[in-house]
Amino acid sequence: MQNKGILMVISGFSGAGKGTLVKKLLSEYDNYALSISMTTRGPREGEQDGREYFFRTREQFEENIAKNGFIEYAQYCGNYYGTPKAYVEEQMQAGKDVILEIEIQGAMKIKEQFPESLLLFVTPPSAEELQKRLVGRGTETADVIAQRLARAYEESEGMDAYDYIVVNDDLDECAAAVQKYVEAAKNVPSRRVEFITEIREELKGFAKGAK
Ligand SMILES: Nc1nc2c(ncn2[C@@H]2O[C@H](COP(=O)(O)OP(=O)(O)O)[C@@H](O)[C@H]2O)c(=O)[nH]1
Ligand SMILES: Nc1ncnc2c1ncn2[C@@H]1O[C@H](COP(=O)(O)OP(=O)(O)O)[C@@H](O)[C@H]1O
């Protein structure tokens, strides 16, 4: 039987380097498939429908919610973002490790539904560096940047719910660390829920036999 891939969540403050890290993982390793989210946010310069996101209206997004078409969805800074179901299921069955680059509320919903998923939180080495990267990217107005930095503070409260905090200082090192975590997550003992269920079932036999 072919091994099912794992579900890997990458969250992090806006400007932390999630997108950059994901690109690096996809280009360096062949075990990954990236889930493309649907959003109501407008495309940034250079972004293409169906590549970075499926850019849709609120109406279309809400239709997809009604059709039960998302594994999870959330609102972030005034827009909807959601993970379409079909692709993720298909790719995991095909043995790929599926990357969901999603924010924290969505990550918590994934953890509930898929307790064996791997949750990574990407952070820059400092808050100052975060601001520098966000400004340097040059894709948002000063107001939106301020909103996202304020949101980063709120999000920092949920960081400890993640399996690993990944500091994105040197990109190569960061990608290599992520690859290691994924490999480890694929080993049986760390697929905890499945493993615990199995071994408990086996141990039950001893419990019955003992007086
Ligand atoms: N819950 C959820 N969050 C998402 C999804 N897609 C993207 N996000 C998150 O939405 C937030 C805003 O994304 P975006 O507007 O592209 O800004 P960026 O993170 O600065 O590039 C980020 O934290 C993304 O990780 C999704 O399908 N579901
Ligand atoms: N390790 C890194 N060192 C320096 N700059 C980085 C690093 N990773 C990403 N960046 C830069 O920071 C900015 C934000 O990165 P991006 O991947 O768009 O973040 P996110 O997807 O988390 O919002 C971009 O201009 C990117 O080139």
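Just so you know, glycine gets a Cβ as well, placed from its N, Cα and C.
Automatic, uncurated: that is what TrEMBL annotation is.
Features of the protein shown, as given by TrEMBL:
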- Gly12, Phe13, Ser14, Gly15, Ala16, Gly17, Lys18, Gly19: ATP binding site (BINDING)
- 5-183: domain 'Guanylate kinase-like' (DOMAIN)
List, in sequence order, the same-chain residues at least six positions removed whose CB sits under 8 Å from that of Gly19 (ATP binding site)?
Glu101
Protein Cβ atoms within 10 Å of Phe13 (ATP binding site), excluding its own:
25
Ligand 1 is in the model; which of the binding-site residues Gly12, Phe13, Ala16, Gly17 have a C-beta less than 6 angstroms from one of its atoms?
none
Residues that sit under 8 angstroms from Gly17 (ATP binding site) by C-beta distance, when 6+ apart in the chain:
Val122, Pro124, Arg133, Asn168, Leu171, Cys174
Take the mean position of the Cβ atoms of Gly12, Phe13, Ser14, Gly15, Ala16, Gly17, Lys18, Gly19, the recorded ATP site. Which other residues of that chain put their Cβ within 8 Å of it?
Val122, Pro124, Leu130, Arg133, Asn168
Which one of the binding-site residues (Gly12, Gly15) has its C-beta surrounded by the most other C-beta atoms within 10 angstroms?
Gly12
Just how many other Cβ atoms lie inside 10 Å of the Cβ on Ala16 (ATP binding site)?
24
Average model confidence [pLDDT] within the domain 'Guanylate kinase-like' (5-183):
95
